[in-house]
């Protein structure tokens, strides 16, 4: 089905790994310390964004005087301990396994590299990917194309010869901005 592509790129959270419930739990825990609230629909709309950008939206919603990068670090620490105990692969991992060795593959994620690498290794999936590009590897995050362009570069594949598997509107916009085809996994 994906034979015409020279490289396959996968978002991580919500696409190949079921991490979203744990991310929400970590946000609830961290925000509870500050008495802050968040809007679940607004959070879903920000799927694929780096943690600091989500923190900024929460701070603005609550009109709080906090540093979004510091709040993001707290959430990252909270989620790191939770995820290794709770994360499960999603069915799209079967696509990853079936294309292993047939095409170069990469992960392009809005998560921090330490978390992405730890999760993929923990689940025995890291060896399937030629590259992992995370939020701390690029200056401009999804919906900018930088994450996926760096994936293509690290795989040694032209961007127009890549397909991206995504579960978030920001990610699909980023793929298109990179000149890549996108598969919206929410429709599979």
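Glycine too: its Cβ is placed from the backbone N, Cα and C atoms.
In Swiss-Prot this protein carries:
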- 11: active site, nucleophile (ACT_SITE)
- 11, 12, 13: substrate binding site (BINDING)
- 11, 13, 167: Mg(2+) binding site (BINDING)
8 Å Cβ shell about 11, 13, 167 centroid, Mg(2+) site members excluded: 12, 14, 15, 16, 17, 47, 48, 109, 110, 166, 168, 171, 185
Same-chain residues at least 6 apart in sequence whose Cβ lies under 8 Å from residue 13 (substrate binding site): 19, 20, 23, 47, 48, 109, 110, 111, 167
Neighbouring C-beta atoms (10 Å sphere around the C-beta of residue 167 (Mg(2+) binding site)): 23
Nonlocal neighbours by CB distance (under 8 Å) for residue 12 (substrate binding site), same chain, sequence gap 6 or more: 19, 107, 108, 109, 111, 116, 119, 120
The residue listed as 'active site, nucleophile': tally of other CB atoms within 10 A of its CB: 31
